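**Q** Below you'll find the structure I mean.
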Amino acid sequence: MGSSSKEETASDGDTASGGASPSNDGRLFSEGERVLAYHGPRVYGAKVQKVELRKKEWKYFVHYLGWNKNWDEWVSADRLLKHTEENLVKQKALDKKQGVEKGTKSGRSAQTKTRSSADTKADKDDTKTNAAKGKKRKHESGNEKDNVTAEKLMKIQIPASLKKQLTDDWEYIAQKDKVVKLPRSPNVDEILSKYLEFKTKKDGMVTDSVAEILKGIRSYFDKALPVMLLYKKERRQYQESIVDDTSPSTVYGAEHLLRLFVKLPDLFSYVNMEEETWSRMQQTLSDFLKFIQKNQSTFLLPSAYDSDKVSDGKGKGKDD
């Protein structure tokens with residue numbers, strides 16, 4: 001997914017430019033400037049790499065510190081904050097509100113939180129701190145040398161045809177003003193079940209590790225979708241479609257599942273596991289992507305997209 005194929009996914013909340021003062025030509029931020037950037041409902045450390053005037057509005061190409069470059073994107077000034085102590089406090093408050101501040105969750109929190117460091121130094125320090133903690137735990141169990149982080153090992157190769165799908169997905173939503181019709185069929189749960197059936201027929205059985213990885217994909221998808229897998233104009237549709245205890249994996253399909261795979265290396269960046277475990281997981285994820293590619297004509301269809309119409313009791317509402 002190229003840098004040009006990214007829609008602005010700003011939060012609908014408070015998105016002021018954080019006390020920025022315009023330059024003589026109206027720019028609020030400059031190339032090379034370290035900033036804080038909204039992505040979904042949270043704020044992340046970022047760096048402005050390019051600045052361009054587009055349709056009488058300044059746009060800023062940002063790189064989220066510690067994230068894969070596939071998530072670099074063009075944003076408006078209302079997505080950015082100056083890197084100040086005041087705004088760092090705001091960042092921490094938003095993180096706490098979303099339940100991702102360190103120590104607010106036990107057990108699974110290390111596997112589900114995303115990187116939210118304000119700058120490169122903090123990013124590196126956090127990584128070192130977590131790695132040190134992981135090594136300490138492994139040392140106590142006698143397996144320190146086998147302990148590695150996903151950041152070093154997790155490399156998911158997305159097939160070319162699926163990369164094109166990700167680009168097409170962006171174009172449908174950002175340029176053609178469409179959204180994926182919900183509920184999708186097959187949905188994520190059904191796709192995972194179909195893969196399980198496929199593996200059973202192919203190999204005669206499915207190992208416990210494969211089954212656990214598939215359960216993990218479902219869990220990550222349900223947690224990640226509302227905070228990092230939706231474009232801005234998809235949010236009202238999400239609010240209308242996911243009610244009560246409905247799981248996103250029973251409503252959304254392969255289009256949104258592919259977005260998760262782009263994000264997985266970052267989601268796994270704090271997880272410490274034995275190298276053999278990571279290797280097995282990477283192999284399963286790659287095989288699963290090949291399965292989606294093989295069934296692309298069934299799972300991923302242009303007809304799955306429809307115009308984003310104003311809610312009239314029949315269609316989904318447009319997030320203006």
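Note that Cβ sites are derived from N, Cα and C of the backbone, with glycine treated the same way.
From a predicted model like this one, the values you see are computed outputs, not experimental measurements.
In case it's useful when we look at the structure, here is the feature table from Swiss-Prot:
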- 12-24: compositional bias 'Polar residues' (COMPBIAS)
- 93-104: compositional bias 'Basic and acidic residues' (COMPBIAS)
- 106-115: compositional bias 'Polar residues' (COMPBIAS)
- 116-128: compositional bias 'Basic and acidic residues' (COMPBIAS)
- 30-80: domain 'Tudor-knot' (DOMAIN)
- 150-318: domain 'MRG' (DOMAIN)
- 1-28: region 'Disordered' (REGION)
- 93-147: region 'Disordered' (REGION)
**Q** Pull the DSSP breakdown for the domain 'Tudor-knot' (30-80) and write it out as helix, strand, coil residue counts.
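**A** Each residue of the domain 'Tudor-knot' (30-80) counted once, the result is 6 helix, 32 strand, 13 coil.
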**Q** Could you tell me the mean pLDDT over the domain 'MRG' (150-318), as a whole number?
**A** 87
